[in-house]
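Quick notes on the structure that follows.
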Amino acid sequence: MAFNFAAILAFVSLAAVTSAAPSKTTCSNGVVVPDAVCCDFVPLASALQSEVLMGDCGEDAHELVRLIFHDAIAISQSMGPSAGGGADGSMLIFPTVEPAFFPNLGIADSVNNLIPFLSQFPTISAGDLVQFAGAVAISNCPGAPQLEFLAGRPNATAPAIDGLIPEPQDDVTKILARFKDAGNFSPAEVVALLASHSIARADHVDPTLDAAPFDSTPFDFDTQIFLEVLLKGVGFPGLANNTGEVSSPLPVTDGTDVGELRLQSDFALARDERTACAWQSFVNEQEAMATAFKNAVKKLAVLGHNRNDLVDCSAVVPVPKPATGTPATFPASTGPQDLELTCTTEPFPTLSTAPGAQQTLIPHCSDGTMTCNSVQFDGPATNFGGADDS
């Protein structure tokens, strides 16, 4: 009998591939995932929305997005493992330590809001909870990308040391060095991570202001932040001479409708020759910005871990709300004459200007009202210290 060795080898190879293929599991919501562990996050997403986020890209969402960065960046290649474990949930495991550090002022709110979920979902680690909660939170913001989420981070065994969180008064050289030491982030990746400032607000940079936005559209994940930081400053939304703050182009405040607050670090990164072109490249480039942010967070979220040890549960991350489709626009009272451009190798896009001779107030709440829905659980974390870079 003649044997077809090519056919036999093909069959054996196919059998090997088939046997090595990961099994699939269908979760209760119909989502197919590579591992049953991913299904634990389906009810967690629902609980986060119903108990904290309420489907809104509001203050609670902003704070959870901030937490994914502050937890993960606390790691150092030069100082070694004793400095911090990166994306390990140490903020939640040691809530009386890291939230009290100077750069983490305000982080206690999101820490206390997440701590109850550790007992409610005991199979989910603190590190996974922090990263997943941030992914769920940003999905409420129109235009945001669907973030990758990998599960399986072990719980932190020690808190990170102080001094690893970049601060808004830091110069560009110090900021870039901190990111390189944390995880070999390039200057362009640092800028990409700052797309989160499109939905960020500050509570403590100016002690007289609550929820001061960084751009005029703080409830949309859009490129407006990259335009407005390039405009010349004309005033402050509250007090002047605050550490880490420089004048902004849209400072008008009326009650709880707080004017735009500009971080010194954003101002500097937008104008430094090492980062200016990356910054400018995102103006009116929604898809490019969202993709770059997703890729940078993908790197941030596994600091301190080996990707191969984790399970890809991205399928259970909610699909974000679609972008509004509104192009980047010069706010009323501003225009091309107000641009302060350092990057000369790339043309600046042609943009329209919103009508009006005076600044339009920036709404305090996503629905335009003065009183926003917000949740704040009691907990062990307390706020001390200095500037909040949200």
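Easy rule for this one: first residue shown is 1, then count along the chain.
Quick reminder: no glycine exception, Cβ is built from N, Cα and C everywhere.
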- Query: Swiss-Prot annotates one residue of Asn155, Asn184 as N-linked glycosylation site; which residue is it?
  - Reply: Asn155
- Among Cys27, Cys38, which cysteine is annotated in Swiss-Prot as forming a disulphide with Cys313? Cys38
- Of Cys141, Cys277, Cys343, which cysteine does Swiss-Prot list as the disulfide partner of Cys57? Cys141
- Task: Sort out the sequence-distant neighbours of Cys38 (disulfide bond) for me: same chain, 6+ apart, CB within less than 8 Å of its CB, listed by position.
- Result: Thr25, Cys27, Ala151, Val311, Cys313, Ala315, Val316
- Of Asn155, Ser198, Cys372, which recorded positions come within 10 Å of Asp88 (Ca(2+) 1 binding site), going by C-alpha to C-alpha distance? Asn155
- Note on the structure: Within 10 Å of Asn155 (N-linked glycosylation site) (Cα basis), scanning recorded positions Ser90, His197, Asp215, Asn241, I find Ser90
- Counting other Cβ atoms within 10 Å of each Cβ, which of the binding-site residues Asp88, Asp203, Asp222 scores lowest? Asp203
- Message: Neighbours of the Ca(2+) 2 site Ser198, Asp215, Thr217, Asp222: Cβ within 8 Å of the Cβ centroid, same chain, sequence order.
- Response: Ile199, Ser216, Pro218, Asp220, Phe221, Thr223, Gln224, Ile225, Glu228
